[in-house]
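*Asks:* This is the feature table in Swiss-Prot:
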- 32-52: transmembrane segment (TRANSMEM)
- 65-85: transmembrane segment (TRANSMEM)
- 108-128: transmembrane segment (TRANSMEM)
- 131-151: transmembrane segment (TRANSMEM)
- 158-178: transmembrane segment (TRANSMEM)
- 186-206: transmembrane segment (TRANSMEM)
- 251-271: transmembrane segment (TRANSMEM)
- 287-307: transmembrane segment (TRANSMEM)
Amino acid sequence: MNHATSELHDESAVSIVPETTRLQDLSALVKMGIVNSNTLTVFTGFWLALHFNGLSVMDNLDKLFFTIVGSALIMAGVCCLNNYIDRDIDPLMERTKNRPTVTGKYKPGFALAFGLVILLLGFVFLLLTTPMAVLISFIGAFTYVVLYTLWTKRKYTLNTVVGSISGAVPPLIGWAAIDPSLNHPIAWMLFLIMFIWQIPHFLALAMKRVDEYRNAGIPMLPVVQGFDITKRQIMIWTVCLLPLPFYMSGLGITFMVIATLLNIGWIALGLYGFRQQDDIKWSVKMFVYSLNYLTILFVSMIVVTFF
């Protein structure tokens with residue numbers, strides 16, 4: 001449930017709608033890229049809950065199926081609702097101007113109905129695991145659709161922080177499907193990692209797309225406060241990730257070393273280019289690093305449990 005950002009600059013020419021298949025349109029409607037990336041964090045939470053509770057994945061294949069399918073449907077549902085709500089500003093932004101709710105491939109009513117149906121279906125699937133998993137997923141969905149998309153996205157620079165709450169719950173959903181008590185510290189470290197990671201990730205993207213956000217009237221931090229303050233905020237949040245691996249000693253020294261090196265690498269990259277290159281180039285490097293960071297970190301959490 002990680003939150004998706006959207007963009008574009010003014011164009012005087014009439015936009016040409018690209019030819020797309022029905023599958024491509026559906027993928028854009030539910031934002032499959034977001035669903036796929038968040039599914040990794042759901043699975044990681046599920047896997048680590050099994051590991052620390054001494055359970056076998058083979059004995060919990062049914063719960064794994066319900067958890068992955070349920071959480072994926074919920075994420076797809078809230079993304080549909082996001083497309084429905086943002087259909088008035090999506091034409092103003094480059095990455096979203098060809099979404100099916102903008103081009104007319106899907107009518108707004110369909111996007112709304114389809115989003116609600118698969119959202120509810122996702123809750124049903126998760127109900128076959130634990131009520132806590134349903135509760136956490138509801139909190140994530142409510143935060144993304146209501147608190148982020150409907151309320152803060154168009155009004156406050158804190159929209160990034162609010163959206164990061166919803167993006168941080170997927171690993172907790174996975175964990176709660178196995179261990180609804182959520183009393184293991186690593187479960188909450190997963191939440192904190194995802195919450196903190198999203199802020200420099202999306203602020204870097206906002207720097208890259210600053211003109212498009214400005215034209216669309218979305219008050220992202222670089223639009224309102226400029227690049228200098230945004231860069232400082234990116235560095236502050238990146239540094240906040242540094243101590244977290246040391247609260248995850250249960251995963252072993254190998255993981256702690258990998259995570260610490262990833263954190264140091266991100267900080268070093270930010271400091272190295274902080275005043276030595278143009279701001280857009282810096283933001284692109286920070287954004288790309290953040291993507292690789294998250295994938296390597298969460299895959300590492302799974303791999304180290306085999307040794």
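Glycine is no exception: its Cβ is also placed from the backbone N, Cα and C atoms.
I'd like to know what surrounds each of these features in this structure.
*Replies:* Within the chain, the transmembrane segment (32-52) has long-range Cβ neighbours (under 8 A, six or more residues past its boundaries) at 1-2, 4, 60, 63-64, 67-68, 71-72, 75-76, 79, 167, 170-179, 184, 186-187, 190, 194, 250-251, 294-295, 298-299, 301-302, 305.
Taking Cβ pairs closer than 8 Å, the transmembrane segment (158-178) reaches residues 1-3, 38-39, 41-50, 53, 55, 60, 63, 66-67, 71, 75, 78, 126, 129-130, 132-133, 135-137, 139-141, 143-144, 147-148, 151-152, 184, 187, 190-192, 194-196, 198-199, 202-203, 206, 218-221 in its own chain, all 6 or more past its ends.
Tertiary neighbourhood of the transmembrane segment (251-271): same-chain residues 48, 186, 231, 234-235, 238-239, 241-242, 244-245, 282, 285-286, 289-290, 293, 296-297, 300-301, 304-305, 307, selected by CB-CB distance under 8 Å and a gap of 6+ residues from either end.
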*Asks:* Same chain only, please: residues at least 6 beyond the ends of the transmembrane segment (65-85) with a C-beta under 8 Å from a C-beta of the stretch. Say none if there are none.
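*Replies:* Distal contacts: 1, 4, 29-32, 34-35, 38-39, 42-43, 46, 99-101, 108, 111-112, 114-126, 128-129, 133, 137, 140-141, 144-145, 149-150, 166, 170, 173-174, 177.
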